[in-house]
Amino acid sequence: MTVPIPTSTEQSSAPTRFFIPDTLANWPWPRALNPAYEQCKADSAAWCEKYKAFSPKAQKAFNLCDFNLLASLAYAHLPEDVNRVGCDLMNLFFVVDEHSDAMDKNSVHVWVEIIMDALRNPTKPRPDDEPIVGEISRTFWENAIKCLGPTSQKRFIETFETYLYAVIVQADDRDHHVFRDVDSYMVVRRDTIGAKPSFALLEHNMDLPDDVFNHPLLEDLRTWCIDMLILGNDLCSYNVEQSRGDDGHNIVKLVMLQENIDLHGAMQYISDMHDDLADKFLRNYKNMPSWGQPIDEWVTRYIEGLGNWVRANDAWSFESWRYFKYDGLRIQKERWVELLPPANKEDLTSSSE
């Protein structure tokens with residue numbers, strides 16, 4: 001889509017607002033919400049809060065972000081027990097993300113080893129002196145394996161480990177003040193966004209053979225979906241991140257630097273990128289070869305799940321408090337966003353926005 005040009009006054013001085021393109025105006029998957037959302041939210045929130053991973057003030061901000069809503073939008077058509085696992089997973093992701101954002105590379109690596117040991121040994125008690133993320137991870141997986149089939153479990157463990165090691169790379173970039181070019185950023189971000197383990201839940205009752213799962217077209221569809229999630233996430237998170245001086249791992253900032261363009265130009269550039277990805281996905285998602293039943297039905301459901309994930313991420317970005325606080329629904333409709341001023345030190349240390 002064409003991004004509206006700011007007024008002449010805004011162009012001649014520092015911008016005070018920007019326009020978020022409606023990248024999903026023609027996306028065929030409608031918003032849907034799992035009917036078990038409220039129950040899963042209550043249960044998952046109680047599970048997560050009992051570990052006291054955040055200060056009371058940060059926990060309040062964390063709850064307002066409602067990561068259970070994200071899961072219930074993304075897994076709208078899955079059974080309640082799988083949706084509950086999805087809620088727990090989103091909460092686990094953001095416990096890891098929020099804490100690792102303040103860690104150096106070596107500290108993140110320690111966490112990664114703890115988390116993976118907990119996932120591989122869900123019945124083994126965790127050491128008393130270990131960071132609480134170990135027990136959070138253990139109990140998450142202890143519950144998840146009750147409703148995820150063997151193939152789903154295998155893919156989850158493999159891709160969650162890949163996600164964690166990408167978080168180490170992100171921490172290393174942060175330690176060394178690295179600003180990546182767009183292509184290398186996308187390579188790392190495809191793993192740090194956590195989409196691949198999230199997609200493993202779509203396979204909860206499937207047994208897709210590796211040759212089907214790794215078919216080049218299905219690989220492409222997965223990558224195009226992930227890239228749309230990245231662009232959509234970074235468009236919505238940019239304002240908060242630039243105000244915190246934490247936009248070095250956001251494609252908006254990287255496009256501005258790489259292409260030497262302003263914020264408006266970056267929004268248009270990213271909108272065009274997203275349009276290209278959506279076009280490729282929609283032109284190809286019905287062109288998978290046939291392997292016979294039940295594989296064809298599994299592949300169809302899996303791809304439908306990918307398409308729904310794109311809509312879910314967009315809907316949550318505006319309905320949640322995380323990026324726009326109480327102004328999300330207006331911004332979703334009107335698309336104009338007021339640029340936030342630099343956050344003060346108290347804002348950065350007292351909440352986990």
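The count begins at 1 with the first shown residue.
The backbone N, Cα and C atoms fix where each Cβ goes, glycine too.
Per Swiss-Prot, site 'Plays a critical role in the stabilization of intermediate cation' is recorded for F94, and the stated evidence type is similarity to another entry. DSSP gives F94 (site 'Plays a critical role in the stabilization of intermediate cation') a helix state.
The feature Mg(2+) 2 binding site is assigned by Swiss-Prot to D97, with similarity to another entry given as support.
Residues or ranges marked as Mg(2+) 1 binding site by Swiss-Prot: D97. Around D97 (Mg(2+) 2 binding site), the same-chain residues six or more apart in sequence whose CB sits under 8 Å from its CB are V167, listed in sequence order.
Here Swiss-Prot flags 97-101 as motif 'DDXXD motif', drawing on similarity to another entry. Residues 53-54, 58, 62, 108, 111, 133, 167, 170-171, 174, 246, 352 of the same chain sit 6 or more residues outside the motif 'DDXXD motif' (97-101) yet have a Cβ under 8 Å from a Cβ within it.
For N233, S237, E241, the entry in Swiss-Prot reads Mg(2+) 3 binding site, with the evidence type similarity to another entry. Other C-beta atoms found within 10 angstroms of the C-beta of S237 (Mg(2+) 3 binding site) number 19, with every protein chain shown included.
If you look up Swiss-Prot, you'll see R322, Y323 marked as (2E,6E)-farnesyl diphosphate binding site. R322 ((2E,6E)-farnesyl diphosphate binding site) is surrounded by 23 other CB atoms, counting those within 10 A of its CB over all protein chains shown.
Looking at the motif 'DDXXD motif' (97-101) alone, the prediction's average pLDDT is 92. Within 10 Å of the Cβ of N233 (Mg(2+) 3 binding site) there are 20 other Cβ atoms, across all protein chains. Scoring each of the recorded positions (F94, E241, Y323) by how many neighbouring Cβ atoms lie within 10 Å, the top position goes to Y323. Note on proximity: among N233, S237, E241, the binding-site residues of the record, the Cα nearest R322 ((2E,6E)-farnesyl diphosphate binding site) is that of S237.
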